[in-house]
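Some features that Swiss-Prot has for this protein:
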type     : residues : note
DOMAIN   : 2-152    : domain 'UBC core'
ACT_SITE : C86      : active site, glycyl thioester intermediate
CROSSLNK : K91      : ubiquitin cross-link
COMPBIAS : 146-157  : compositional bias 'Basic and acidic residues'
REGION   : 146-195  : region 'Disordered'
CROSSLNK : K180     : ubiquitin cross-link
CROSSLNK : K189     : SUMO2 cross-link
Amino acid sequence: MQRTSRLKRELSLLAAEPPPGITCWQDGDRMEDLRAQILGGANTPYEKGVFKLEVHIPERYPFEPPQIRFLTPIYHPNIDSAGRICLDVLKLPPKGAWRPSLNIATLLTSIQQLMAEPNPDDPLMADISSEFKYNKPVFFKNARQWTEKHARQKTDEEGMPGSLPEVGGSEGPSAAQKRKAGQLSSGGKRFCPDV
């Protein structure tokens, strides 16, 4: 019951006063299944990209964090090829920082901030993390190419936005990206736990 009343309030607030570059809405009839969209920030390799996310609200919300994953493929050290996100506020303590006082808007804003400022010391994608740390020009080039390929609004003949590719679709992650997801590098790097 608490989940339903809180979700209604949060969705109403998100509709009335959405954070800049973020939208969130109910997906179908089930209130616990939401969709969100984050616009890539200016001066980032994700600029002009439109990134769709899936948000599932657990039964014990707000005492458990929502489960959020990217549907749009993204080249990022903290987001894997399945769209899973390594971010402390998406996990319960002691390993995470979720608190019942946080809300969906806060989480989406935190994800938007992570897009702008990756954390290469807590990666899901070891190779991309190394690239970000030691060869930023290559990282930015690759991230821009992925954004162009997967997250740019396509228009039809009449100039109307078309649909965006989703993970697992015909334009999903490349075989190389899937391989990177399975590779762990040595050297004492810490990898995102419990994702």
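For all residues, glycine too, the Cβ spot is worked out from N, Cα and C.
From a predicted model like this one, the values you see are computed outputs, not experimental measurements.
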Taking the Cβ of K91 (ubiquitin cross-link) as the centre, count every other Cβ atom within 10 Å, in any protein chain shown.
18
In three-state terms from DSSP, label K91 (ubiquitin cross-link) for me.
coil
With every protein chain in view, how many other Cβ atoms are within 10 Å of the Cβ of C86 (active site, glycyl thioester intermediate)?
23
